[in-house]
Amino acid sequence: MHKLNENDVTPEHIFFERRKIIQSMGLMGAASLLPRFSLAAEKQDSRQALHFAKDHNPQNLLLTPENKVIGYNNFYEFGVDKASPAKYASALKTEPWTLRIEGEVEKPMTFDVHQLMQQLPLEERIYRFRCVEAWSMVIPWIGFELNKLLALVQPTSQAKYVEFETLYEPDSMPGQKNHFFGGGLIYPYVEGLTMAEAMHPLTLLSVGLYGKTLAPQNGAPIRLVVPWKYGFKNIKSIVKITLKSEQPMTTWHHAAPHEYGFYANVNPEVDHPRWSQASERVIGSGGLLSVKRQPTLLFNGYAEQVAHLYQDLDLRTYF
């Protein structure tokens with residue numbers, strides 16, 4: 001079996017550009033500073049089967065092989081290398097897990113995520129996934145629409161934005177404990193949507209993929225999936241949701257506002273400052289020689305469903 005490495009699925013100029021930046025920050029070799037987080041931390045697959053309504057895939061999208069979906073990840077809390085999350089994330093304890101929703105709501109509530117999975121009917125959604133680094137997958141997520149959960153807390157008329165926050169637990173997330181290992185980001189990881197985006201029926205809170213609960217490296221036990229936005233908006237391992245009247249400051253926008261906008265909609269006409277977004281490398285079943293490129297679609301192919309959300313916005317200014 002071909003062992004996937006970062007150069008297999010990231011365009012060469014992006015691969016070396018990112019390596020250069022990481023080296024300049026002293027991040028290469030940072031794993032050696034973390035002996036407690038052993039590379040032997042990988043465990044056998046402990047994901048559980050889920051009951052859900054099947055997506056019959058009317059668009060006939062070709063699914064990315066499961067081993068690549070769970071083996072090639074961005075989750076800086078477990079390191080900046082694509083293989084690091086699968087190596088280190090097994091230290092994350094995902095049960096019990098609570099999700100707090102507060103802010104501009106009539107009924108602030110704390111949910112047990114595993115009870116929530118029984119309370120709200122689960123469905124499969126086969127979505128395109130586009131990383132800002134210009135690679136893509138097709139993933140069969142399992143979850144429920146975010147709007148169904150928000151309806152339970154009754155948002156007020158002042159709720160204009162939704163802020164999401166990842167677990168902050170440095171003892172199990174080495175990237176939070178070591179500044180270099182975690183890519184120099186400020187934690188906990190924070191993301192946000194407009195209220196209209198959050199209430200859109202395509203916006204999913206995922207608790208599984210490929211018929212089973214999420215692996216820790218994929219954001220277990222609950223993560224956001226917004227298929228028309230770049231992957232960094234799809235925040236993982238969520239512990240808190242806050243409805244706000246003002247736009248929240250999000251992690252990557254804070255780190256590099258000229259490179260990572262708040263909206264982060266997939267747009268082939270708006271390049272990243274350091275690489276083109278006009279096309280993407282498709283992660284498939286083969287190795288380096290079989291990887292293909294394809295044109296990137298506006299809103300990742302979901303323009304018909306979501307373009308109206310941005311009809312009054314200049315997509316170059318509000319990227």
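Placement of Cβ uses the backbone N, Cα and C atoms for every residue, glycine included.
Some features that Swiss-Prot has for this protein:
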- 1-40: signal peptide (SIGNAL)
- N73, Y76, E77, C131, T166, N218, R223, N234, I235, K236: Mo-molybdopterin binding site (BINDING)
Non-local Cβ contacts of E77 (Mo-molybdopterin binding site) (under 8 Å, 6 or more apart, same chain)?
-> T166, M173, P174, G175, Q176, G182, Y187, Y189, S237
Cα-Cα distance, maximum over N73, Y76, E77, C131, T166, N218, R223, N234, I235, K236, record's Mo-molybdopterin binders, Å = 19
